[in-house]
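So that you can see what the record holds, here are the features copied from TrEMBL:
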- T183: active site, nucleophile (ACT_SITE)
- R211, I212, G213, D214, T233, G234, K235, G236: substrate binding site (BINDING)
Amino acid sequence: MVGWAVALHGGGGDIPIDLPDERRIPRETALRHCLDLGISALKSGKHPLDVTELVVRELENHPDFNAGKGSVLTAQGTVEMEASIMDGKTKSCGAVSGLTTVVNPVSLARLVMEKTPHIYLAFDAAEDFARTHGVETVESSHFITPENIARLKQAKEFNRVQLDYTAPTPKEPEIFGDSQTGTVGCVAVDSAGNLAAATSTGGYVNKMAGRIGDSPIIGAGTYANHLCAVSATGKGEYIIRATLAREVAALMEYKGLSLTEAAAYAVEHSGPRGTCGLVAVSANGEVAMPFNTNGMFRACATEDGYTEVAIWPKK
């Protein structure tokens, strides 16, 4: 049965099971809203590339996720955003990193894919490309929220690089139970079997300026081919080493595994517990959303009427 499907994530990590309602509910609401956007776009016949870009843009615009507006700060107190997008049928893809003023990095990644002979542009050159192509930019202060200034201060005090939803140590203030919000991503397939994936992030709190994670790296944070589309989240260094997104496709292609089997195997073997998760769809409309972290903000829907919005493992 070939049918459309869409899945998205708002990052994974050590999300405390007692996450306060005021932190949980806005994110769940945002996931549901973005899922509805994706469903409507697929139902209206939009190509999965358009669907994934649309959904990720909406996630980037939401201050509670670590991408676009909600991007976390580097050790220097700056924002460095990155994103990528990929089309399954053609394997066309685009990626950007080191962005400081671009409102929607995922859209710039798509422009790199469509308007240049290249795949990846970064830092000043990517910013210049955005300006010459009329992409919406703002002062970098637009991205620097009070919450993220506080998160950076906390990370510096404890001298660490913080990852998605790092739980506080006993000495740390409980207010930062979700001390960093996570990467965002979306995957989609239409009823003709066209596939696409897109991922966007602000990186780690207190990371070295210039550090690049998995999100813009094709085959690591994002991958799509004729079999599946994958967007990953978690500790970028582990995801890059595992070429996690490509691993799912390779297990399907060379081992003949189903999407569910391939995604579960890839997550299980990509790194230690607590390092990653992903969302994926297959050409025939299956969905998989495995993770080895405590939780992962996620949502999905399929043409046969199944929908899910969840954070922690199913009981």
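From the backbone N, Cα and C atoms, a Cβ is placed for every residue, glycine too.
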### Message
Within a 10 Å radius around the Cβ, which one of these binding-site residues has the most neighbouring Cβ atoms: R211, K235?
### Response
K235
#### Entry: Maximal Cα-Cα distance (Å) across residues annotated as binding substrate, namely R211, I212, G213, D214, T233, G234, K235, G236
16
### Query
Reported as an integer number of Å, what is the Cα distance between K235 (substrate binding site) and T183 (active site, nucleophile)?
10
### Message
Restricting to the chain of D214 (substrate binding site) and a gap of 6 or more, list residues whose Cβ falls under 8 Å of its Cβ, or answer none.
### Response
A220, G221, A232, G234, G236, E237, I239, I240, L244
### Query
Which of the listed binding-site residues (G213, G236) has the least company, meaning the fewest other Cβ atoms within 10 Å of its Cβ?
G213
